[in-house]
Each structure stands twice: as C-alpha cells, then as structure tokens.
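Comments concern the structure below.
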Amino acid sequence: MSSLSTLRILHSTAGRRWASYYGIYPKSAACSSSSVAIARFFSTAADRPPKHAMLSVENKVVAPPMVYIAGEEMTRYACDLVVKSWLEPYFDLSQWEYFDLSCVNRDNTNDQVLRDAVTAGQRIGAIFKEPTITPSAIQKKAFGLKNSLGSPNGAMRAGWNGITISRDTIHIDGIELGYKRPVFFERHAVGGEYGAGWSKVGRGTLLTTYLPSDGRDPFVVDKRDLTDQHNVVVTYHNPYDNVEPLAHLFFQRCLDANITPYVVTKKTVFKWQEGFWAVMKDVFDEHYKSRFEEKGLLQACGGDLQHLISDAATMQLIRWTDGGFGMAAHNYDGDMLTDQIAQVHRSPGFITSNLVGKAPDGSLIKEFEASHGTVSDLWNDHLAGKETSLNPLGLVEAIVGALQHAAVLDAEKNPDDEHKVKARDQIFNFTTTLRTAMHNTFRYGQGTRDMSGPSGYTTEDFVRKVAWRLQRYLDAQYDEAPPPQLGEPSRKLRRNYDIDEEAINGLFQKYDKNGDGFIDFEEFTRMLVKMNLAPLLTKKEKEKKPDV
C-alpha cells in the first residue's frame, strides 16, 4: 500500500478517528513527504510555536533567576533526575540560586541556610521547593542533629508576606483521575493554629491581654479559670489585612478558568470568622459579580456568591466530582479540605501547592512545590537496591510553574530587552511541550506504576522515556511538525457504541511493536491487514503495478 493510500485512509472518517485517538505519528524516514503531510493533519498553523520560541540541545537558553530549594529523600533524588534529563540539556541554569534545606545542612548552619533562602526569595520572587522534612524527636536522633528544627514553611510565609496557598487539581487529557474539570482552592497562608503559641500548665487563671500599639489602654480579650491539673493553653490570631488581595487572586483565577467560586468558614460557631466572609463578599460584589453573571457562572449557586459551612464543604467535595468550582477558606480548614480534594482526585501527587506572597514593589512572590512529602518508603527501597516507581507529576508541575513565573518576572523587569522577552516565549513553549510529552507518556500506558499498574515504568525509566519524547517533540517543531495531539473518542461515539477503552488500549499495545507509544507506517499497515481494513488495489491498478 502506498503512502498516498495511507493519507487517504487518515483523511477518511474512520482514519481520523484512529489517527486522533491513537496518536499515529510517522517515525520512518522512508516516507518523509507523507510524514510531513500526516504531521500537518494533526494541527493547524496556530498550534505550532513560532520559530523564535523553539530551543534545542544545540541552542541552550539562559534560564532566568530563580531560587531552587533542595529537600530530602526520594523526591530529592527524583528532582535531580528531572533537572539533569529534562532541563539541563536545554537550559543554562547558572542564574539559579541553590539552597540545601536538608535536615543535616540546616543543623550544620544553625538554620542560616533557611534565612538565606527566604532572603533570596524576597529578592528574586520565583521559588521552587522540593519537599522537606520537619524532624520528629526520633528523626532528630536518627539524623544526629544538634538542634530541634521547626518547619521552614512558617519562615517562608512570613518572609514572603504570604497571602494564599493555591492548591489546584492537575489534569491529564484522556485520563480521568477524580474530578472531571479543574478544582481550585485558596488557603489563607497565615494565621490560625500554625503560628500558635502554647504551653503546658496546671491549675490557675489564663488572661489573654491586648496592648494597642497606638498607646490606648490595654484590655483583656479572654479570661478563663483552669481547674484541671494538666492543661495545654494555645493562643493564635488571624491577620485579615491580606484577605482582600486573597479575594482578588481567588476570584480572578476562577473567572479566568470559568469555574464557580465558594467561600468556606465555620462562622456559625466561630463568630470571629465572620470577618473573612465579609471581606470576600465585599470584594466579590464590588469587582466581580457582574463579570461572573455575564459568563453564567453563578447559575449553579443561586445567582450569588455562596457561603459554605466547612462541614457542608466536606460533603460537597465528595459529591461534586464534575469539578468546575473553587473554594477559599482559612488556613486550617484549607489544609484539611485540600487533603480531601487530593483523596477524591486520586492522590496528593495530582494537586499543586503554590504559596503566593507580595514583594514591597507590589509584584507577586510565588513559591511552587508538590503537595506531597518526601516519599520515605520509596527512598528506603531505593537505598536497599530495590526498584522504585515514583510519579514525578506534582514535582514537575511545580518546577514548570516556578520556571514560568521566573520568565514572566524577568521579562517584566526588562521590557526593552528582546533577549529576555524571547527567553520568556521559549520557556513557555518548552514547558508546554514538556507537559505534552509527560502527559502523552502516561496516556500511552508508559507511566509509573501508580498509573500503569505492575508493568509500569520505574522512576528512572519513566524519566528517560519522557526525556526521549521531549527531545522528539522539540526536534519536530523545527520541521513544522507539532507534538501529536491525542483526541478522545466523542462522547456521542462512546454512548452509542459502548466503547471498551481498555480493549482499545490493548489493541494499540499489540500493534505498537517497539513500545514507543507511536504507530509508524509499517505498523499501521500491518494493523490494517490483520483487521481486514487495508484498501485493496483495483484490478486495473494491479495490472499496472510492476512485479518486483
């Protein structure tokens, strides 16, 4: 069968369905003219980045200044693999500032490294942080630490004037994880139990006294008698000056993503939480309500911004699996509710965690990290010489977010520097292509074992496979061919024909002989012959064909 015949099949209705769903993408140089035509079939010119936005191994881009905070254990190992395999081949990372926040290094420097990292973050404004360990008493002994180390997060939130911790669901086209559409969450970054002072006390009287800074007379906020022999007293407060910027960030993000916003408190019991809701509602009514109405985004919630009691929010998170909503809450409620979102959406590995603060000049400071920990169990397996299979998706989303924010800040600070503007465009093209390469690897059944089962790739093999696919996609951009855009069978097709996607995936694996996630011309031909779908030559065409 000729290359031209293949093109005719691809442009038929059935052919388009096969090509789109399976991502058939020619890889043989033997049919180069057809390869270009088939590649163009998958996208319009608008899908292809401009030439100046492309980069390659031979044309490294100087990455903009960024703070890179190293952590511990398996996630540190995985991030090292990712940076070496996916970033260093394409970027000069010499402008990044590195800080090692491992327990041992924090202990050796008496936590000066943490203070230095916070200072650098204030200055640069774009930070990536690997998961770190806040050592328990047992870990302190195991690591041989001199000092008791607290969580670095409090110092970071204070030093970067933290406003909110944005936690959003991560989605892979074609793979249903939990929520079908995005779910956004804004967690107030300061206040509450996380900054509390406390002490163990016995019987007595506890006074909480407020001393105004303007010289007014102090007064007692709370007085209580402690009659138990053993008590723990806790004091904390909730700063509300930054709730207004939190509201603007939240509502604008929901508006941009076309999702419906909700505000969560327990103000019916905790009367002091009324102020949070009041500020959010005022900002919404004055600046955003009409814009949400224009988009029809309030129809699902009675035509206005809705308040949810935190107890009710826990139930709705389980029920609203179609997604398409956002929530904003206090620090502690936000922590608990986003853990629940992670469970509905498969795992914390599919949730982002971005701290947003504000620099003195008004620009946003953004710190990006995965919402999971250091994955100690896999680290212990790795140290024991066992195979591991860590899904780095959350880590990579954080690196991508930090890299993009760094590029935006650098271009904004240097608007007349064409090299900075060009680098920003190149970085956004690269990160988009990286996401496509990583997501397609999962979709081809070549993911880690949490996604692909026992036959899934190891940590190292997955990184290598994505690196191979990333280079392939970037190289293809120079040839005017974009990364393949995998399409889903239409919902109408699924409904009418009861599509068995597992069986289809098995069929794809059967004909993808070399397991690279592509069906080339030869494999495609073999598949059509086996299925009795190959177009046959007419008698007239057969007579003309030479017998060789």
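Even glycines carry a Cβ here, placed using N, Cα and C.
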Among Asp222, Asp241, Asp335, which residue does Swiss-Prot annotate as binding D-threo-isocitrate at the site that also has Ser151, Pro152, Asn153, Gly154, Ala155, Met156, Arg157, Arg187, Tyr194, Lys266, Asp311? Asp335
Record says Thr132, Ile133, Thr134, Asn153, His372, Gly373, Thr374, Val375, Ser376, Asp377 bind NAD(+). Source is Swiss-Prot. Which of Asn161, Asn391 does it list for that same site? Asn391
Given the model, what does the mean pLDDT over the domain 'EF-hand' (499-534) come out as? 77
Helix, strand or coil for Asn391 (NAD(+) binding site)? Use DSSP. coil
Please work out which residue of Tyr194, Phe518 has the most C-beta neighbours within 10 angstroms of its C-beta, and give that one of the binding-site residues. Phe518
Where's the emptiest Cβ shell within 10 Å among the binding-site residues Thr134, Thr374? Thr134
Same-chain residues six or more away whose CB lies under 8 A from the CB of Glu523 (Ca(2+) binding site)? Tyr511, Asp512, Lys513
